[in-house]
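One structure below.
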Amino acid sequence: MAFLWLFSLWLLVPGTQGTKDGDMRLVNGASANEGRVEIFYRGQWGTVCDNLWNILDANVVCRALGYENATQALGRAAFGPGRGPVMLDEVECTGTEPSLANCSSLGWLKSRCGHEKDAGVVCSNETGGVHILDLSGDLPNALGQIFDSQQGCDLFIQVTGQGHGDLTICAHKLILNTNPEAQALWQVVGSSVIMRVDAECMPVVRDFLRYFYSRRIEVTMSSVKCLHKLASAYGATQLQDYCGRLFATLLPQDPTFRTPLELYAYAQATRDSVLEDLCVQFLAWNFEPLTQAEAWLSVPTALLQALLSKSDLAVSSELDLLKAVDQWSMESSASHAEVERLLEQVRFPMVLPQELFELQFNLSLYEGHRELFQRKTMEALEFHTVPFRVLAKYRGLNLTEDTYQPRLYTSSTWSTLVTESSSRSRAAVQVYGYAQYYPYGYDSRRWYYPYQSFQTPQHPSFLFVDKLISWSATYLPTVQSCWNYGFSCTPEELPVLGLTKSSYSEPAIGYENKALMLCGGYSVVDVANFAGSKAPIPSALDTNSSKISSLFPCSSGAFSGFRVVIRPFYLTNSTDLD
């Protein structure tokens, strides 16, 4: 017990937690006060690129490690190249920050540097009389081993899984008493306590209790829901908040869509409106791959109703959406009235006349809902064949209603994909007023940037089916690239997507265009508006930079591409409607 008591006292000493994001160390130096700078982030150590590296940045490192100042700020891997990721680049400190993580930079994992540019420092030998022996990094593992031993306990936890077998785990009140998150357990009077958990959460109970000892836990797609549930039930607020933030990270990682659907059901059961909205948003942006997954047929009716009501639902076309609903209905237990309500959400005016005619032959839903289909088809045909001014005058249609507005249609009719390979093989450069062409790769840092030229109809109405408008979409990572393509940009807003149209469009038609951020080639993790001719590109990961992060982090650290979607609509207040 003396050993346990000493460990518990150690836990109470300030600064005895394990390594955390932003911690720094010096590696490969000839003495303790010099070396390659490494910084900790998300469970691993990485290096810092020497771009903009100077003595102010080095001072931050040295002072954080107990030295008075830095004497040298070195680059070009002066202490040898490191291994692992390059965590930070273009670091700019004032010299007073507690860590490089608090300085201005490109953000975590945004560098394109190689390890030949790893930054290093030499710190002064003066430590102001302070000498630190810090072995606290070993403490979490040692306390975890005490839990694993299941010996010397004074608290016995009976875990019941609601008819699926019980589990008895012993714990140590003295250790639990040092952790405010374990208050629900250490405040128990007596030597035993009962934990009632769902049967599906039994496998993670031991990890949950061990977390109170080591203050470290691995959270996966399969465990996040149960850990969030246990943390909520037992007041482990830090773990609860962490899991809550992690939901957004985990949603894009499951191509089967089982995790988003399970989390949606969990959010409804616990009345967690924030998590519910998060799941609905992710599934709306990724509606197309959802309809192609096996999980599509198990989507709840209420969730499908919520999805179909959204304008920011991404799908190839409204016809493909209707076909997916038709397929879903064949396996669903939804009532006739529930299916009718779903069909009311379909935007029939966004389906072309020929496709509307063919619905009666191609949809299993048609016969059971013939009256609705005929009514919706007639309304859609009026939209396609009658000029806007006549519709507004004689029908009194409110063309601002959702049914007359396009969603995020990702087919080639209404969108284009911009990736690193989506440009022409040659780049044009203006030299003395003449266009000269260079092969792919010419001075790529200055002149070559991904772009796409494409055409779309001016409007979804069949009246405009042959009236095309030309667009150019460009990825703009630098101020120079903005100048090259005729845009005005500030360094703070970069990178951005640029979008221009190069042909005439009807004055009665406006555009609310969108940019979809793609991760891993298939998941949409964020959507940005084109304000004028530019759409901001968020950070792919949640970083310490001032730039906004994507709603759903992209685990690779970079977007795989961008889909530009054109969304025309009638300007109902236009004075020129002919």
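Even glycines carry a Cβ here, placed using N, Cα and C.
The annotation disulfide bond is assigned in Swiss-Prot to Cys49-Cys113, Cys62-Cys123, Cys93-Cys103 on the grounds of sequence analysis. Summarising the annotation, Swiss-Prot assigns domain 'SRCR' to 24-124. According to Swiss-Prot, the domain 'BTB' annotation covers 153-221. Taken from Swiss-Prot, the feature domain 'BACK' covers 260-360. Under the heading N-linked glycosylation site, Swiss-Prot lists Asn69, Asn102, Asn362, Asn398.
Overlay of Swiss-Prot feature records on the structure.
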residue	record	Cβ contacts under 8 Å, 6 or more apart
Cys49	disulfide bond	Val86, Leu88, Asp89, Glu90, Val91, Ser111, Cys113, Lys117, Asp118, Ala119
Cys62	disulfide bond	Asn33, Glu68, Asn69, Ala70, Val121, Cys123, Ser124
Cys93	disulfide bond	Leu56, Asp57, Asn59, Val60, Leu100, Asn102, Cys103, Ser104
Asn362	N-linked glycosylation site	Lys323
Asn398	N-linked glycosylation site	none
Tally of residues which DSSP labels helix, strand or coil - the domain 'BTB' (153-221): 27 helix, 17 strand, 25 coil
Assigned element (helix, strand, coil) containing Cys49 (disulfide bond), judged by DSSP: strand
Disulfide-bonded residues listed as Cys103, Cys113, least Cβ neighbours within 10 Å: Cys113
Cys123 (disulfide bond) in three-state DSSP notation: strand
DSSP-derived helix, strand and coil totals, residue by residue, for the domain 'BACK' (260-360): 77 helix, 2 strand, 22 coil
Collapsed DSSP category at Asn398 (N-linked glycosylation site): coil
Packing count at Asn102 (N-linked glycosylation site) (other Cβ atoms within 10 Å of its Cβ): 14
